[in-house]
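Notes follow once the structure below has been shown.
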Amino acid sequence: CCVMFTSRLVPSSNRLTRRFLFIFTLSLSFTYLCYSLIFCSDTIMQSQRYEEHRCLLSQNVGSKKLLQKSHYCTLPVDSKAIRDATSNLAFLSTPRSFGTAERRSNNSGTPKFGNKKLPNAIIVGVKKGGTRAVLEFIRVHPDVRAVGTEPHFFDRNYDRGLDWYRSLMPRTLDSQITMEKTPSYFVTREAPRRIFNMSRDTKLIVVVRNPVTRAISDYTQTLSKKPDIPSFEALAFKNRSLGLVDTSWNAIRIGMYAFHLENWLQYFPLSQIHFVSGERLITDPAGELGRVQDFLGLKRIVTDKHFYFNKTKGFPCLKKPESSSLPRCLGKSKGRTHVQIDQEVIEQLRDFYRPYNIKFYEMVGHNFRWD
């Protein structure tokens, strides 16, 4: 087009000028063509490098099935390339497997993976039963993401709404389970109905413990914060000589498991509630966590190789993760030495709890042998 256009402007007699314009136009066209080829080639190479990087990342986090279906991941890679591709990504600094995630970025440009979802499972109780241990142990599983702090949504913060509750959750992939734990839910009258209204498919975990031992542990924790409270005996009984137990005291009331469970069974079938033995959680943590993983539909990845028994604290701890120089034990508030309680008081409380325990065994179909 340029040649035809210029030929009209230049007289036919001026051959030298026409030749010059023809050569000049041809040179410009050739230069433009070379530039276009170089630019497109660079764009394609950048795109290919991005897809190679994504492939390396996906292979490193175990997305085998996706890679088999993807044409992006047919290039050979070596382990060093995988390490180089992932070492600079902050989201892989924790020992978790993220699989193939949906990519997002915040304002700072940091990549985010997965979505914030309402929990699939909740540890609803009981206080001083071993709920923190269960949460920390199950979080080792790569397919579980959990909130570290207790949200207290279904007992204290329900008026904030489900969007607020969801915002507290960690980002998870479709293949991962979102969890939280708030042990006071078990004794909150409104909690079963509220959780049911959120999702009737929610799986519930209850960690139970000998109610007498649990009450003493509860009192020991309160005493550490409020040293001037009355004695355990004074709080536990309305009239000790008559053996009248004060069921209005929360430390006593929580251990009446059968009473609270009746409320939950109005909304959830027993098949959706899993009971963890607080005693066996200490003596056989791998066995208890194995049953929890089965209940959640997870592969048994957390096994006895993850635990060792801490004689000082008197309960199991997680062995040292590869990314840490120290083993993971629960905080200083766990494993406190219980206050000494008169044996006669303990016997009176055992008598009080016995009918509740028997009924609880019948309801769940398991004898926890607390008597």
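The backbone N, Cα and C atoms fix where each Cβ goes, and this holds for glycine too.
Any TrEMBL annotation is an automated prediction that lacks curation.
The annotation transmembrane segment is assigned in TrEMBL to 20-39. Feature annotation from TrEMBL assigns domain 'Sulfotransferase' to 120-354. Annotation comment: TrEMBL describes LYS128 as active site, for sulfotransferase activity. Taken from TrEMBL, the feature 3'-phosphoadenylyl sulfate binding site covers LYS128, GLY129, GLY130, THR131, ARG132, ARG209, SER217, LYS334, GLY335, ARG336, THR337, HIS338. Marked as disulfide bond by TrEMBL: CYS317-CYS329.
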Counting Cβ atoms within 10 Å of each candidate's own Cβ, which of the binding-site residues SER217, THR337 comes out highest? SER217
10 Å Cβ neighbour count around CYS317 (disulfide bond)? 21
Candidate with sparsest Cβ neighbourhood (10 Å radius) among LYS128, GLY130, ARG132, the listed recorded positions: ARG132
Candidate nearest the residue listed as 'active site, for sulfotransferase activity' in space, where candidates are the recorded positions SER217, CYS317, THR337 and distance is Cα-Cα: SER217
For the domain 'Sulfotransferase' (120-354), what's the model's average pLDDT? 93
